[in-house]
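Quick notes on the structure that follows.
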There are 2 protein chains.
Amino acid sequence: MDISKIKFDDKGLVPVIAQDYKDGTVLMLAYMNKESLQKTLESKEMVYWSRSRKVLWHKGDTSGHIQKVKELYYDCDGDALVAKIEQVGDIACHTGNRSCFFNKLI
Amino acid sequence: MDISKIKFDDKGLVPVIAQDYKDGTVLMLAYMNKESLQKTLESKEMVYWSRSRKVLWHKGDTSGHIQKVKELYYDCDGDALVAKIEQVGDIACHTGNRSCFFNKLI
């Protein structure tokens with residue numbers, strides 16, 4: 001898989017939007033470094049870089065809430081990704097919510 | 001509007017996912033600083049911070065492709081936003097594509 005078009009930032013990261021492949025709900029935004037992107041492409045399961053723990057983070061390893069990749073896109077500038085995923089357990093957020101975006105400003 | 005829960009990063013920015021309010025298509029990912037978020041909340045039109053031009057960027061100012069905010073959410077950590085928007089002209093990307101995410105890896 002050619003990932004040469006992906007531009008990682010000055011911390012070696014690219015933001016990744018995880019979107020439910022069935023109904024389009026945006027579930028979370030997290031980050032990948034090159035290694036986690038490669039592992040995601042190989043395994044077809046979302047592997048992020050945890051900025052807080054500073055480790056590769058195979059989503060669902062402890063919770064069981066694995067994310068199976070259906071489609072993966074990068075944007076016109078190559079500096080953001082959208083993953084259309086199947087969310088095992090239908091819960092993406094560590095709070096127990098389906099989506100991390102449950103706080104409303106407008 | 002209380003934006004004290006929003007955590008801006010070490011560059012003073014927060015990533016913002018712009019999503020079509022009708023069909024859920026993710027149109028683009030861009031960034032806001034505090035001022036652009038405040039202007040967005042006041043005007044109900046998306047105002048980003050352009051990282052390349054280093055200016056406030058009222059989306060659509062030159063293209064006419066304004067984004068009208070229908071709903072705005074922040075995530076569990078307060079470090080990412082989702083805006084559900086009405087995309088005037090139905091084109092969000094400077095390439096002329098509807099969405100910036102038209103390049104497929106998987």
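Along the chain as shown, residues are numbered 1 onward.
Cβ atoms here come from the backbone N, Cα and C positions, even for glycine.
Quantities reported herein were computed from a predicted structural model and do not represent experimental measurements.
According to TrEMBL, the domain 'Phosphoribosyl-AMP cyclohydrolase' annotation covers A:28-102.
Annotation for A:ASP75 (Mg(2+) binding site): same-chain Cβ neighbours under 8 Å, separated by at least 6 residues, are A:LEU81, A:VAL82. In the three-state DSSP assignment, the secondary structure recorded for A:ASP75 (Mg(2+) binding site) is coil. Per TrEMBL, Mg(2+) binding site is recorded for A:ASP75, A:ASP77, A:ASP79.
A:CYS93 (Zn(2+) binding site) falls within neither a helix nor a strand when secondary structure is assigned with DSSP, and so counts as coil. Among the features that TrEMBL reports, Zn(2+) binding site is placed at A:CYS76, A:CYS93, A:CYS100.
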**Request:** Work out how many Å separate A:CYS93 (Zn(2+) binding site) and A:ASP77 (Mg(2+) binding site) at their Cα atoms, rounded off.
**Result:** 28
**Request:** Please list residues from the chain of A:ASP77 (Mg(2+) binding site) whose Cβ is under 8 angstroms from its Cβ, counting only those at least six apart in sequence.
**Result:** A:LYS7
**Item:** CB within-chain contacts under 8 A for A:ASP79 (Mg(2+) binding site), separation at least 6
**Value:** A:ILE6, A:LYS7, A:ASP9, A:VAL14, A:PRO15
**Item:** For A:CYS100 (Zn(2+) binding site): DSSP state (helix, strand, coil)
**Value:** coil
